[in-house]
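Features of the protein shown, as given by Swiss-Prot:
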- CYS136-CYS141: disulfide bond (DISULFID)
- 31-239: domain 'gL betaherpesvirus-type' (DOMAIN)
- 1-18: signal peptide (SIGNAL)
Amino acid sequence: MELLLFVMSLILLTFSKAMPLFDHNSFYFEKLDDCIAAVINCTRSEVPLLLEPIYQPPVYNEDVMSILLKPPTKKKPFSRIMVTNEFLSDFLLLQDNPEQLRTLFALIGDPESRDNWLNFFNGFQTCSPSVGITTCISDNCRKYLPERITYVNNFFVDNIAGLEFNISENTDSFYSNIGFLLYLENPATGITKIIRFPFNSLTLFDTILNCLKYFHLKTGVEFDLLKQMEAYNSKLPFRSSRPTILIRNT
């Protein structure tokens, strides 16, 4: 539940390495009170107060994706494709999907199926290297040049459904402790899938930790996740002292 509430509060935010998220100069500062009220309402009521109607689907820019979906630039030697039930189900996820290219790149980046889909993708480019990528939805086709697609650091331009934290007793390595859950859906076939993208970033860990700390100080709401992250942070061998909150109040 704490993770769900945290994700709800983060939907309005864009991670930044330089600008404090809730600084007075921040675009999001004026939304802070509404965001806090919505999350507090969700903790006390069965009917949460939402800032945006839930029936409105996200609006995507087809030419802008997050860096999570950027396919590898180095091609691997083509090998056989394993046609499994999951692979066939993924084809139904792609068929006539309005977000066909975004879904394809997500499947290529999926740690569990990337080898198969990367073979498929590289094989297609080997056969037709000059046409780029062509997507077809209900006989309406469009060509893309991968090098002209814009990849941004804001992960929330994609349909992020949640975050996972794998906090273990082993603090010698920070590898793959954060995972982004990407929700894929094909309204044409009704097929859905959630893909977990591991993301190894201490900067992102600090950003989320500070967002939670600020929210706790501002509202008094307790988070088990915050306690676990602070406990984990204090055990990291390369942290000489507990960092102070990075987000300014003024």
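For all residues, glycine too, the Cβ spot is worked out from N, Cα and C.
Remember, it's a predicted structure, so these values are computed and weren't measured experimentally.
Sequence-distant neighbours of CYS141 (disulfide bond): residues of the same chain at least 6 apart with a C-beta under 8 Å from its C-beta are THR134, THR135. All chains included, 11 other C-beta atoms sit within 10 angstroms of the C-beta of CYS136 (disulfide bond). Under the DSSP three-state reduction, CYS136 (disulfide bond) is assigned to strand. DSSP assigns CYS141 (disulfide bond) to a strand.
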